[in-house]
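Worksheet for the structure shown next.
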Amino acid sequence: MQLFLTVHGLFHLYKTDIFNIFQEKDCLYSFTVDNNFNEWQLVPYCIRNSLIFSDDNDGFCYGDPNYTFKELKLKGVNSDYLYKWNTPIDTMNSYEKYRSLNDSSLETHRYCNCSDNWFGTRCQYSFNQSMQNFDEIISFQFKEKQSLKERYEIINDPSLLTCYEGLRCHSTICLDWREICNGLFNCENGEDEPEECFLLELNECEKDEYRCRIGTCIPRTFLVDFNPDCSDLTDEYLTYDEYFQDSDCYLSSTLVCDNRLCNKLNDFSCADGECQEISMQCNNGRDLFLRHNLLSSSMMNNITFQCWFLMLCSSGEINVNLMGYNYTDCQSPEDIPDKWDYFDSFQQICSTTFWFQDERNLLYPFTRHLYHNKISNDTAWWEPTHICYNQKECSSLPISNLSLINDWSCIDVEQNGIQFDTLELYLLFSSCSKTHLSLFNEDDSLFYCDESRKFISKSRVLDTKSDCYYFEDENFYYNFTLIIQLNLTDRFQCLFISQWLPRPLALDVRCFQDFDRLGLGKCDSSSDIACLFLRDQYTPSMNYIFRQNCDGIMKFDGEDENNCEEWRSYRCDGYWDMMNGEDELNCTNTVYGYITHAVFKCQSTEHYCFHPNGTVSCLSKDRAGDGFVDCLGGTDERKTLCHFPDSILDFQCSDGKCISIDYLCDQESDCLGNDDELICSWISNSTKIPFSMFSCQNLTFILRDKVCDNIIDCQPNGEDEWFCLIIFLRPSQFVLERLEEYPYSTTKLVSSDIDHHSSVRQQRHIDTNSGSNSLEKWFCNRGIIVIKRSSDIECLCPSSYYGRRCEYQSERLLISIRITTPVTLRGRQNKQNIFRLIACLIFNDSFVDYEEILHVPMMKQMFYLNYPRPPPKQRGNWTVQFYAYTVTRYSVNFISSWLFDVPFPFLPVNRLVLDLFLKEQETCYTLSCKHGSCRKYLNLPYQEYCQCEPNWFGTYCNVSYHCFCANGGDCISRNSISICVCPLGRIGRECHVLFDPCSNITCENGATCLPMDERETNKFICACRIGFRGSRCELKDAQMDIYFSKSFIFYTRLSSPAIIVHFLELHDHSPGIALTQNRVIHKQVQLNKLFRIYYNNHQYLSSLILLEIFFEPQNFRYYIASILSNNMTYVTTTISNSNHCPHIDEIIMNETIRQMPLVKRVKYYEYICRISRSRICFMDEVHLCFCDKYGDPDCLALQRQSTNCRTDYCQNNGQCIENEFNGTWDFGCVCGQCIYGSLCHLTTSEYVFSLDMIIGQDILENESLSIQPSLIKVIMSILVLMLIIGFISNGISFIVFKQPRAQQTGCGIYLFCLPIIGQIGLLFLTGRFFYLLGTQMSIVNNRLAAHWSCITLEYVLNVCPILYDWFTTCVAVERSINIIKGISFNKSTSVWWAKRMIFSLIIVVLSSTWYEPFIHHLIDDPRTTTTHTWCIVTFPWLWLKYYRLIINLINLIVPGSIHLLATLFLLHRTTKIKQILIKDQRQRHYFRLLIKQLPLYGSPLLVVTLSFLRLIFSFTLSCLTYQWQKYLYLTAYFISFCPLIMTLPMFVLPAKIYRTELKNLSYFR
């Protein structure tokens, strides 16, 4: 048996199962991505017709080999082979299900092994083109289409007219979905404009949204991002006024075409995204159907054929040819088709009144054109005299003098002065409405056009497009108070011309000066600062950049040119700041300096000067700027009539005339004294200088464009740069070369960016088959033609169409979504996790359609969700729910969810545009989720829902079912429908198919290969380790190693700081701004160690790297890490106090200057550089400033972003700082003293020991025990050893104290309890360690169990040592009482009291520590992809904190003190008794006897000592500053539990009575 291996292209069909409920079958996916605009699109092309399940089974496999699943298994075939053979995904899923589960019901299923170029479940499909992927097929088939403008025969094929079938009415042609709610009646009775359409006008957007003209909302962050998100394209400058190449839509399958609305009233929708004036025609021929039906309808009216043909001829050649006639038959005898020549014929053959409709009446049948032939001969007879309509459907038309003709209300065109213009007529009839307008008189969201009798949204006012017939919304264009009255916050106010514009139009020439003068540059890409400015994502704090101060050009309010006497001149920048130009002398780095000193040999105090006699000499600086012109052109006087800011005529002739420097040396005398030609003595009249060229002194020619470009082209004297200084304005560009490089000595590593793994794509010849019938290319309209074995043609329709020939328009929802995710969810940061999103369209709690995608950072991902067929969809609750998962090769973990209502569900086609922020999902307790947990959606209004456990679904997770997803997949279920969420590398409906594109891929430098979406072009990615990049991670990122000087040693004693690294770059189009190219936050940085950073995905480091270091809460500083003017791949730098960029308030001591407004204060920055020449940088509210090589200040506006977290995740008053950049977000917690942990959740300031605080930071998350640090292993060994020793000690003690003789006194009763308490405490101590270890090493799935485990462990661990201390104290007190009473001591009474005392102590201790269950809580780090909980202490009330402290102090001090006093008393009394009993006076010395008694009381003294050690440690070891303190803390912690294992040596072995009992037990055994 032979299996074919040769295939051309990969075409894996999806949804081939006949039980598919989503009304689509045999799907191929189109995937496109545009990295320039960060756009990602996924569209399924499927068979979507009523015969979807009637696939005939004749000719099974069509002669190709076929095998049962059983036969395939015997041959050792797996899904990898099937994938290479173009096997449908469902077939592979069923086969792998059979292989893995041995499902006998599937063994007879058959697989068709298709021959070359055929694919499908039965090898029934093929494409004629030999291409490698489906997207090439789509592109080829669309490019093959030819325009149908002149293919009049298409009217005989109604399937070439795409239609929306959800609304059928009396209309000229079937409706296009774009004609629903477009403001015009396309149906005779206005069914296409129901009352609910007015909701679009009433809609208002949130502050962080932008309102499209049609009324829908998009996120403000998507405005002007060069990827239209509004259906009418009004969110982009290039498409706001329809600068969109929509005429190419017939050649393109893009989503923007399929979902585009026409935003001009007078445009005709061609139903494929092309919008044209009707005279321009549609490339898909839709207008031909309209023309034909309009003309045909006229024939059925009371009109003779001769009159109809005359009117047909007057309507133009296209219509004549369309109706099957020859246009030559319409011409006059003189062969001049002049309409005026037909006036007599018109009056003769046409009746007095008649109806005739042509393409000019696009509103037919709602409006009708009426003609009268009794008109004057100077009237355009071919235009209607009346426009008639049904007044019942339009009572608000702003026309009063109407005529009633044949029950139609008719407007006299001439009497009302109506120009027969489509736009004017559309504006007129757009006032028609089915809505009772009186209901909206008080609505603040609307604007009323009085004369036009029309309500419009206030957002349409002054938007450059008229919506009212009498132009009330645009007439007061300069009435800016109206903008304020209407509160149009979405408008952009041009600063310098006081004009308000829709934000996309601010890029128009009307506002461009704003961007130039603010130094914002151009908005050419979404991330440009000018684009950010338009979106309100960047607000300049000043209306000009730093270098534009005191440059002679007044900006905005003129403050920049005030107080300039304090402004420091810039040396050697090519501009005369000083009147005598002294600042540009002796400059070796400028062109002017070279010409002055090297060419003309002038001294360091002289300028070169041309004289009227043509000679050149040197002029002292003292004679420059003195008000007298000494040199030609006035070059020595900057304040002449010619030299003023923005002047284009800078050369001053000796006669006072001003000319442009472009006129110099052009062989034409422009000055009366020939001044402009004297300077070029080498040019003679006989010299022929080519046009647009400049002649150098060596008689070579250069382009005149190169004159005064600050580059010497004429060698060696630089004639092309003479006199150029007079035209130079001060450069606004920040010059990096003026700064001293830092670090001063750097190493440049050579790095290659060549991707050695890139493959060379082979070019293939494509046979265009140009001779084929072009109409065949249109067979599937906007679908794709696929050939069947039965010689039939099938159509694969995109989601926007359905039908046998894709002739019907689908009701659908286009999702555009971008998600900002935690940094740990990015594939390159986390080696195993990828973010998978499931989007579900839901109707009344049932799935209708869904799509799943893998998240791509920074990409706007676009895909469809389809409504059921046939349209219209049901009315009800339509929502979209998004499920977010992290997926690995082996697991699927739910993160969180969003739920959105579908906006305006009455629209057949809609868009849901979202910019989402993924973060920790909040828990709730209001819902009773039986088999799940209460959660909140991440979007407003934060509704609550039940997140069900596996195999449960329902509103309250009370319905059980079996999840059929294999290989670690998870189920999403609603009612009877389930969706499988598969791990990475698993595909198929039930995740049975192994998809492993990484099998032959080698990722370098320790990277991990991850399988991606099989439907995408890139089937895998290499998740690079930090510091590497490239398709195979073969390239290194630019790297910087940072060391902190000893001056930071103080901060190493504090909690580890957080550092935000700003990678800043300079661009010519934003000259005065430091543009942030990347921003990364580093947490818990140890300043006494190497700090290494990488410039991700860049070969070279950025020009400036700035560190924002947060030392303590609310204490941060800026430090400059590097200033690089060359491309560097690796740099080592040191951060010291000299790198500090202090705020100017820390530098300027003059209070007057400090209190000045910023625009005035910057003039004094010279003093800062003068005070300290070694200073590198400083800051103010706006700028990052530097002191350059010449001691001059130069400043860049710094893009600042708030670092405050949206949600404060930090505990114990830690400062939460957040960083959001490039589609990811991260945060860090800056902790105060004695507070530790990534969330500041560990503290030593509560005078209570905690394992979490001591070793919590040492445990490695998600790592096995073998990889954990040695400290963790040692601690585990110690605890296990303590548990074993305790078990032996407490076990023996328990047996001893259980003996009747041992319990004859109360002391024995107390001692009997000690081993029990001790062993319980040891068990819970060990359990607490393994709880901490387990919650960090593995995922916590049962949060409730973890919570109660936390409370129980902490409660028992707190209670056991307290009870142990009190019981040992009771033993000491009992013994003291025994000594006091002597022979009168009553044993039975002591037993009676002991039992009650034990019970009382337990009650008191338990009740006094009632707070423990209330102060212990679980927290998670929201950045982690898996759930790792921390058991922390938080106080809901402040008084509880002090109450706990008091209780702990009492339990530490009181029993220890009593125990000490009782022990001392016992020691004293026993010594006294011994002293009395000894008769020898020499041996009765008190202190000698006391010393002899000490060994007998060693155990009580040891207990007291350990108690007081705990007390001392609790108050002295409050902070972990050094590593040795951690070990001391651990010692103290274990000491506090040592008594629990020492019952045997402390109480059994020292006492004779208990030793005897122990011996008796041993003897008995």
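Using N, Cα and C of the backbone, Cβ positions are placed for all residues, glycine too.
Annotated in TrEMBL:
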type	residues	note
DISULFID	Cys169-Cys187	disulfide bond
DISULFID	Cys205-Cys217	disulfide bond
DISULFID	Cys212-Cys230	disulfide bond
DISULFID	Cys653-Cys671	disulfide bond
DISULFID	Cys665-Cys680	disulfide bond
DOMAIN	959-992	domain 'EGF-like'
DISULFID	Cys982-Cys991	disulfide bond
DOMAIN	994-1034	domain 'EGF-like'
DISULFID	Cys1024-Cys1033	disulfide bond
TRANSMEM	1274-1297	transmembrane segment
TRANSMEM	1309-1331	transmembrane segment
TRANSMEM	1351-1373	transmembrane segment
TRANSMEM	1393-1411	transmembrane segment
TRANSMEM	1445-1467	transmembrane segment
TRANSMEM	1494-1515	transmembrane segment
TRANSMEM	1527-1549	transmembrane segment
Paired segments the transmembrane segment (1274-1297) and the transmembrane segment (1393-1411) in contact, 3+ CB pairs under 8 A: no
Contact check, the transmembrane segment (1393-1411) vs the transmembrane segment (1309-1331), 3+ Cβ pairs under 8 Å, seq sep 6+: yes
Cα-Cα distance linking Cys212 (disulfide bond) and Cys187 (disulfide bond), given in Å to the nearest integer: 26
Between Cys991 (disulfide bond) and Cys205 (disulfide bond): CA-CA distance (Å): 41
Paired segments the transmembrane segment (1309-1331) and the transmembrane segment (1527-1549) in contact, 3+ CB pairs under 8 A: yes
Minimum Cα separation from Cys665 (disulfide bond), reported as the residue among disulfide-bonded residues Cys217, Cys653, Cys982, Cys1033 that achieves it: Cys653
Per-state residue totals over the domain 'EGF-like' (959-992) - DSSP helix, strand, coil: 0 helix, 14 strand, 20 coil
Sequence-distant neighbours of Cys991 (disulfide bond) in its chain (C-beta under 8 A, six or more apart): Cys965, Ala966, Asn967, Gly968, Gly969, Cys980, Cys982, Pro983
Set of same-chain residues at least 6 away whose C-beta sits under 8 angstroms from Cys671 (disulfide bond): Cys653, Ser654, Asp655, Lys657, Ile659
Overall pLDDT of the domain 'EGF-like' (959-992), taken as the mean: 90
Spatial neighbours, same chain, of Cys230 (disulfide bond) - Cβ under 8 Å, 6+ residues apart: Cys212, Arg213, Ile214, Thr216, Ile218
Cα-to-Cα gap, Cys680 (disulfide bond) vs Cys169 (disulfide bond), nearest whole Å: 82
Residue among disulfide-bonded residues Cys169, Cys1024, Cys1033 with Cα closest to the Cα of Cys217 (disulfide bond): Cys169
Nonlocal residues around Cys169 (disulfide bond), in sequence order (Cβ under 8 Å, 6 or more apart): Leu175, Cys187, Glu188, Asn189, Glu191, Asp192
Sparsest Cβ surroundings (other CB atoms within 10 Å) among the disulfide-bonded residues Cys187, Cys665: Cys187
Per-residue Cβ crowding (10 Å cut-off), top of disulfide-bonded residues Cys205, Cys653, Cys1024, Cys1033: Cys1024
Count of other CB atoms lying within 10 Å of the CB belonging to Cys217 (disulfide bond): 18
